[in-house]
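> Can you read through this structure? Questions will come right after.
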Amino acid sequence: MSVLLVGLFTVAAVLWILKSLFAWRYSFTRQDGIQEPAEIQRDLLRGKVFIDIASVVEFFGLTTTLRLQRAFDRILLPKQPKDPAIIITDTAFSGVKVRLYEPKDKQNGGKLPGLIYYHGGGWCTQDVDSLHHVTLHLAKALGAVVLSIEYRLAPEYVFPAGLNDCVTATKHFIQNAERFSVDPARIGVMGDSSGGNLATAVLLKLNEESFKHCLKLQVLIYPSTQLFDLHTPSFIKHGHIDKFRLWYISRYYSNYLAGNESLIDGFMKNDQVLNAKVNLGDWLHTYLQNFFEQSELDLSQLGPFPKSVLRGIGASPGYENVLNPYVSPLMASDENLKKLPKTFLMICEFDLVRDEGILYGKRLSEVGVDVQLKYYPLGYHGMLFHSDMEMAHDVEGYVKKNL
C-alpha cells in the first residue's frame with residue numbers, strides 16, 4: 001500500500017509540475033494589467049506552441065522553422081472564395097509570379113481603376129493566397145483590376161530580392177495598363193505589415209529611378225517603416241513585456257536582411273545602430289499621451305518631427321541595411337517623400353509597429369503629402385489576415401473616394 005501511495009504521489013507531483021510548466025510557458029496574463037483581445041492571446045498561444053514543435057523538428061534536421069511555418073500558415077488559410085463576376089488569373093509579369101483579378105463587366109470598354117497589392121508576412125512567409133479574400137473583395141467592391149504580387153521570400157532570397165520583384169511587376173502593370181483596361185492615371189498601391197513596407201518602398205524606388213508613373217495613392221495597413229529603433233513606446237508596451245513577441249519580429253528582420261538568425265540578438269537588444277540611443281521614443285512619449293483621445297487623429301497635433309534624431313546614425317556591423325530607406329522608409333529624404341501620393345495609414349493599438357506608422361505619417365504630412373490616419377483602438381497586427389473585414393471596408397471607402 002505504501003508503495004502504491006508513493007507511486008500515486010509521484011505521478012501527481014509530475015503532473016502538477018508539467019501543468020505548472022505549461023501554464024508558465026503559455027501564459028499571456030500581462031503584468032501591467034492591460035486586457036488584450038482574445039484573438040491576440042490565441043495567436044500568441046498558437047505561435048509559442050508552433051515554435052516549440054518546430055524547434056524540435058528543426059533540431060532533427062527535418063526542415064527549417066520558417067518552411068514549417070509556411071506550411072502551417074497554409075493549413076490555417078481562410079476558405080478561398082470565388083466570384084463569378086471576377087476573372088482570376090495566375091500568371092507572371094516579367095518573370096515575377098502574380099495573381100490578377102479582373103471584373104468581367106468592364107463597363108463597355110471603359111477604363112477601370114487599378115490596385116496593386118503586396119502581401120505581408122515579415123518578408124518571409126505568406127503568399128497571394130493569404131489575403132485572397134481581401135483582394136477578391138476589393139476587385140468586386142471597387143470594380144477595379146487588382147494585382148497581387150508573389151514576390152520571393154527570405155531567407156532563401158534576402159533583401160532586395162523581394163523588393164526588386166515588386167518593382168518589376170509594378171512597372172510591368174503600369175506599362176501595360178491599357179492591355180488590362182486600366183486607366184494608368186488611376187492606379188494605387190496597397191500592402192499590410194511588411195507588404196505596407198514594400199508598397200511605399202516601391203514608390204520610393206520608382207521615384208529614385210525617375211520611372212514615369214501616375215500612381216495616385218498608397219494604402220498602408222499597420223506598416224513596418226523602420227528597423228533601427230525597437231524601443232518606441234509601442235515596442236516597449238507590447239513587445240518587451242513578452243520577449244517572445246520581440247523575438248518573433250526580430251527573427252523576421254534577421255532573415256530578411258541576413259538570410260539567417262544571426263542578427264536576432266542585436267535586434268532584441270536594440271544594438272543595430274552604433275550611437276547609444278536613437279530616442280524616437282522620447283519624442284513619441286511627449287505627444288502620444290493625449291493623441292489617441294482625439295475622435296479623429298490629427299497629425300498636426302504632434303510637434304515637429306525630430307529629424308535631427310535621424311542624422312548621424314551609424315549602423316552596427318551586419319546591420320547596415322536598417323538605415324537603407326528601402327528597408328526603413330522613415331529614413332527617406334524629404335525630396336523623395338514629397339513625391340509620394342496621398343496616403344491612407346491604418347494603425348492598431350495592440351501592435352509593436354503602431355508608433356512607426358505614426359512617425360511615417362508625420363514625416364509625410366510635414367513634406368506636404370495628404371495623409372489620412374485611421375486608428376483601431378481594439379485592433380491588432382494581422383487582423384486583416386484573420387478575415388476581419390472592417391479594415392477591408394475602410395480601404396474600400398477610401399479608395400472609392402480617392403481613386
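Keep in mind that glycine also has a Cβ here, set from the backbone N, Cα and C atoms.
This is the feature table in TrEMBL:
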ACT_SITE  S193  active site
ACT_SITE  D351  active site
ACT_SITE  H381  active site
DOMAIN    115-257  domain 'Alpha/beta hydrolase fold-3'
DOMAIN    320-383  domain 'Alpha/beta hydrolase fold-3'
> What's the CA to CA span in angstrom from D351 (active site) over to S193 (active site)?
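On Cα coordinates alone, these residues lie 10 Å apart.
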> Excluding near sequence neighbours, so keeping only residues 6 or more apart in the same chain, what lies with its CB under 8 A of H381 (active site)?
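Same-chain residues close to H381 (active site) (Cβ under 8 Å, separated by 6 or more) are S193, Y222, C348, F350, D351, L352, V353.
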> When you measure from the Cβ of D351 (active site), how many other Cβ atoms are you left with inside 10 Å?
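So the Cβ neighbour count for D351 (active site) comes to 24.
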> When secondary structure is assigned with DSSP, how many helix, strand and coil residues does the domain 'Alpha/beta hydrolase fold-3' (320-383) contain?
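Going by DSSP assignments, the domain 'Alpha/beta hydrolase fold-3' (320-383) contains 24 helix, 19 strand, 21 coil.
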> Treating G and I as helix alongside H, and B as strand alongside E, what does DSSP give for the domain 'Alpha/beta hydrolase fold-3' (115-257) in helix, strand and coil?
66 helix, 26 strand, 51 coil
> Within 10 Å of the Cβ of S193 (active site), how many other Cβ atoms can you find? Include all protein chains, please.
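Around the Cβ of S193 (active site), 27 other Cβ atoms lie within 10 Å.
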